[in-house]
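Below is one structure, written out as structure tokens; the observations come after it.
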Amino acid sequence: MAELSSIDYQVLNGDVPKTEKPRKVSILPLVFLIYFEVSGGPFGAEDSVKAGGPLLALLGFLVFPLIWSIPEALITAEMGTMFPENGGYVVWVSSALGPFWGFHLGWMKWLSGVMDNALYPVLFLDYLKSAFPILEEGFPRITAALLLTIALTYMNYRGLHIVGWTAVSLGVISLLPFVFMGFLSIPKLEISRLFVVDVKNVNWSLYLNTLFWNLNYWDSISTLVGEVENPKRTIPKALFYALILIISSNFLPLLTSIGAVKLDREMWTDGYFADLAKMLGGVWLWWLMEGASALSNMGMFIAEMSSDSFQLLGMSERGMLPQFFASRSRYGTPLVAILFSASGAVMLSWLSFEEIIAVENYLYCFGMILEYMAFISLKVRNPLAVRPFKVPFGIVGAILICIPPMVLILVVLAIASLKTMTISLAAVLFGFILPPFIGFIKKRHFITFSTSSNISDFQVRGHGYNESVI
């Protein structure tokens, strides 16, 4: 561990390949990037009804944002505007707790994000296999998943502004069938169906993991803050608008769908919204819902890959990873980091849906513990530091806002299966091996490491980023 933190920065002074000047991301594309990084719509929310029944499912998408989403979004707004650069939460934690913990957080969050991205080609094909049975298994399915991954990876390579505006288009189109289904549901609504609850028959692990999967990752946008237009104003506004969009786009479709059809909890699994669309609107709406679900998964893939790849770029610029991770293509995108993240997603795609969700949530919880510690630490140690956006009530507000999500984290960690705990803890322990290994490589000059010299005065003066940090 010590070796990683005792090696000097090496400022890159060599020739830099010419690139097109990257276009900054404006507020509307940023809102939809957050939308897809966090949720991507109600697809995948069906399991909340299966796990907890109608009432608990609806309450979950109202209460969970208060306990988790809003605190995480507020902390992301403050930290993201305090450190307006790529790398996001890795920079925050390194500044508050030291570079070793910053690196370890980066490892856990990157692995969690890559595991998350491994789901989307699979889910894309799961929604289409009812229309195209050839995609259900075997070589055609593997080939289709690989080709889809390559196509979406290429989109990330072409530019973050392209990804952002693509996310806007995909978001609007993917929400349209829920608008139609909502209007068609109104005449058939039975309010009593909304209040069905059976507390004795609740799968709490599936219930909480489903809510987590649909309503977390608010901090992911922080890893590409350096690519955002006027981030000190744009980030808080985008998080606020995305919060409203995400809560409403999950809650309202569940509300109208549950109220319009007779309850069969076992039917509420991934893809059931397409069946509901057919019940309420016919084949045309079924086709529209199938297409929307596929587009939603595409949006989540490109948004998550953007976050993962710019995280690696930011870590490389801070000397935590080899220099080649910070190299940019002619379009200003981190080519090597994109390819690395795409390869990780492909290699992890063999895991089952339930296993991926459980393990990624477990790793995500560990990472969030470090983020909350860093947030409070910076509040205590540097209360007068410039914060364009502030969580109100100072240190007291910082502590209070962290209590509900921390309690939830402990619950999620406690109810995880033994298999989930084993895989997750193995990944965490592997993260402890990486820093001294990288430090050895760096010290021996086997691979070139570099860092940006453009580090804010605030970080340099006393928060862990000085000339001998990493």
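Using the three backbone atoms N, Cα and C, a Cβ is placed for every residue, glycine included.
TrEMBL does not curate its annotations; it predicts them automatically.
According to TrEMBL, the protein has these features:
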{"type": "TRANSMEM", "residues": "27-45", "note": "transmembrane segment"}
{"type": "TRANSMEM", "residues": "51-68", "note": "transmembrane segment"}
{"type": "TRANSMEM", "residues": "89-107", "note": "transmembrane segment"}
{"type": "TRANSMEM", "residues": "162-186", "note": "transmembrane segment"}
{"type": "TRANSMEM", "residues": "238-263", "note": "transmembrane segment"}
{"type": "TRANSMEM", "residues": "283-303", "note": "transmembrane segment"}
{"type": "TRANSMEM", "residues": "331-353", "note": "transmembrane segment"}
{"type": "TRANSMEM", "residues": "359-380", "note": "transmembrane segment"}
{"type": "TRANSMEM", "residues": "392-416", "note": "transmembrane segment"}
{"type": "TRANSMEM", "residues": "422-441", "note": "transmembrane segment"}
Cβ pairs under 8 Å between the transmembrane segment (27-45) and the transmembrane segment (283-303), at least three: yes
Chain residues in Cβ proximity to the transmembrane segment (162-186) (below 8 Å; excluding those fewer than six residues from its ends, i.e. six or more beyond): 25-26, 28-30, 32-33, 35-36, 40-43, 155-156, 249, 252-253, 256-257, 259-260, 273, 276-277, 280-281, 285, 288-289, 291-293, 295-296, 298-299, 302-303, 306
Range from 51-68, 238-263, 283-303, 392-416, 422-441 with most C-beta pairs under 8 A to the transmembrane segment (89-107): 422-441
Within-chain partners of the transmembrane segment (283-303) [C-beta distance under 8 Å, separation at least 6 from its ends]: 32-33, 35-37, 40-41, 43, 116-117, 120-121, 123-124, 127-128, 130-131, 148-149, 152, 155-156, 163, 166-167, 170-171, 173-178, 180-181, 184, 220, 271, 273-275, 277
Beyond the flanks of the transmembrane segment (238-263) by 6 or more, those residues with Cβ under 8 Å of it: 27, 30-32, 34-35, 38-39, 41-42, 45, 48-49, 53-54, 57-58, 61-62, 65, 69-70, 73, 76-77, 175, 178, 181-182, 184-186, 188-191, 193-194, 196, 214-215, 218, 221, 273, 276, 279-280
Distant-in-sequence neighbours of the transmembrane segment (359-380), which means Cβ under 8 A and at least six residues beyond its ends: 72, 75, 78-79, 82, 89, 92-93, 95-97, 101, 104-105, 108-109, 111-113, 115-116, 209, 212-213, 216-217, 219, 351, 394-395, 398-399, 402, 405-406, 409, 412-413, 416, 420-421, 423-424, 427-428, 463
